[in-house]
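To keep things clear, I will list the structure first and then write my remarks on it.
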Amino acid sequence: MGLRFPPKVLEHILSFIDSNEDRNSVSLVCKSWFETERKTRKRVFVGNCYAVSPAAVTRRFPEMRSLTLKGKPHFADYNLVPDGWGGYAWPWIEAMAAKSSSLEEIRMKRMVVTDECLEKIAASFKDFKVLVLTSCEGFSTDGIAAIAATCRNLRVLELRECIVEDLGGDWLSYFPESSTSLVSLDFSCLDSEVKISDLERLVSRSPNLKSLKLNPAVTLDGLVSLLRCAPQLTELGTGSFAAQLKPEAFSKLSEAFSNCKQLQSLSGLWDVLPEYLPALYSVCPGLTSLNLSYATVRMPDLVELLRRCSKLQKLWVMDLIEDKGLEAVASYCKELRELRVFPSEPDLDATNIPLTEQGLVFVSKGCRKLESVLYFCVQFTNAALFTIARKRPNLKCFRLCVIEPFAPDYKTNEPLDKGFKAIAEGCRDLRRLSVSGLLSDKAFKYIGKHAKKVRMLSIAFAGDSDLMLHHLLSGCESLKKLEIRDCPFGDTALLEHAAKLETMRSLWMSSCFVSFGACKLLSQKMPRLNVEVIDEHPPESRPESSPVERIYIYRTVAGPRMDTPEFVWTIHKNPENGVSHLAIK
């Protein structure tokens, strides 16, 4: 390059670049930029814990202060990844402790985190401040107690939808009396009761506490006491609202909420009785986020609540809201940017539909800033998809989950091909897309042609043949993660577009028609890919033509992993070796 920046000037310039992707691009400019970038990067994101070794990360980024780490594939959220598959945090924690003692923040998602990991964190990082565990497992409240007792500058402790061995609520007592630094505390996934007196003392001596998310065991009386201690909260996850309504309790609850002048986000509300909802009305005008995904409240009561939420930007709710409830959202919540509607029952059927596609049509017409949708329903139509695409071209995330597999447009009995063509063609900024319902290969031809910015794509029960995969891998230029289940494609498209897989983060396939022989050929052809065959009930022998139950393919610079359980077969690069599986000891 003709222009060279002095190192200090370049360091100063890089200090304004926060995006991981932008910093990655900077590091590719030249050797000196690579060196400056790696020595100054404070925040590191690893999207797949097996894509790179912990040692390589610590070696490259010696000044790392924050690590974000992801483990199991996304389909683990739907119980499609067997227990014991992997995603172990210990090698990473051990490597960080040995080389990065100045680490201050760890965020992990879908990882196996043991108490030993948490104890190592507490003992190794003298100025540790942030621990966020999302959908993690393997640890108990003893591990959390170690973090609470030792990390004297802890600002954030969040356990989000984790599976935790709950050994009792006394872990809160391990926070030292000198602990005053907490900004966010989330223990909503725990089961046991906590000592409200311990929690009150902790909250009272934490003047900067802004976010508090409680578990269902916290009663209304406990909630009232805590709100009195922390009226400065901006984010609150309540405990259970199942207690019988008493006038005195209602009055205290209303008063406590009315004093929370800065509250912007509200969640929890487990088993809330409709009679208690008016106690929340005082905070509704200031809410920007409302999560009612655990609140079994019916449509009329929801409407009374939502009509007061004029600033709402994010709404999570169950399908009990019905079409009329979403029509109210469209009328009253003009700032809405994100909508998620979850099923209230796992086995919905078309004979008792609490909401239809019309609810989402209402919102797409009335909420002009809407850019993210997750919508579970029993049936859908092409006409609804046309309207959504026309009214909301600014959508960045569209995840439609039609619960009944292979469900066509229920009014015309046609595939939903043209509707998803409209979404792909009309929503040019789409980054994430989930499709379902009856779809032919044509739908994926349209998606491949128009969805040029889609980075994550999820598909279930769709397509006719290999052409589906061909259209996606040849057309979706920005695709990084592809998840497919129960679709009728096989080897041809997978092998034909093997080079595309090296530009992606991962490909997950389950219950498709991919053969064992194709997996071996792919691994031999693409040495930088790990090809894992996952089968909990493997046959006694595997002929080349035998289909595999699940495969997980991902790009890596670390080589085959060494912690595979017996039901995971790693395809080696040496065709004579074929496959191997190593049991975890």
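Glycine is no exception: its Cβ is also placed from the backbone N, Cα and C atoms.
Pulled from Swiss-Prot, these are the features on record:
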type    : residues                                                        : note
BINDING : K70, K109, R110, R340, C397, F398, R399, R432, K480, K481, R505 : 1D-myo-inositol hexakisphosphate binding site
DOMAIN  : 1-48                                                            : domain 'F-box'
REGION  : 343-348                                                         : region 'Interaction with auxin-responsive proteins'
REGION  : 401-405                                                         : region 'Interaction with auxin-responsive proteins'
SITE    : S135                                                            : site 'Interaction with auxin-responsive proteins'
SITE    : E161                                                            : site 'Interaction with auxin-responsive proteins'
SITE    : F376                                                            : site 'Interaction with auxin-responsive proteins'
SITE    : R485                                                            : site 'Interaction with auxin-responsive proteins'
I need the CA-to-CA distance for R485 (site 'Interaction with auxin-responsive proteins') versus R399 (1D-myo-inositol hexakisphosphate binding site), whole Å please. 15
Which sequence-distant residues neighbour the region 'Interaction with auxin-responsive proteins' (401-405)? Criterion: at least 6 residues beyond either end, Cβ under 8 Å. 343, 348-350, 374-380, 434, 436-437, 460-461, 486
Neighbourhood of F376 (site 'Interaction with auxin-responsive proteins') by C-beta distance under 8 A, where only residues 6 or more apart in the same chain count: D319, V341, F342, P343, C401, I403
Just to be sure I understand, if DSSP states are collapsed into helix, strand and coil, how many residues of the region 'Interaction with auxin-responsive proteins' (401-405) fall in each? 0 helix, 2 strand, 3 coil
Neighbourhood of R110 (1D-myo-inositol hexakisphosphate binding site), C-beta criterion under 8 angstroms, separation at least six: K70, G71, K72, P73, H74, A76, D77, G87, T134, S135, C136
I need the CA-to-CA distance for K480 (1D-myo-inositol hexakisphosphate binding site) versus E161 (site 'Interaction with auxin-responsive proteins'), whole Å please. 25
Long-range Cβ list for C397 (1D-myo-inositol hexakisphosphate binding site), cut-off under 8 Å, min separation 6+ in sequence, same chain only, gives E371, S372, V373, L374, L430, R431, R432, L433
Could you state the whole-number distance in Å separating the C-alpha atoms of R399 (1D-myo-inositol hexakisphosphate binding site) and E161 (site 'Interaction with auxin-responsive proteins')? 21
In whole Å, how far is R505 (1D-myo-inositol hexakisphosphate binding site) from E161 (site 'Interaction with auxin-responsive proteins') when you measure between their Cα atoms? 24
Which of K70, R399, K480, R485, R505 (the recorded positions) has the most other Cβ atoms within 10 Å? K70
Cβ neighbours of S135 (site 'Interaction with auxin-responsive proteins') where a neighbour is any other Cβ within 10 Å: 19
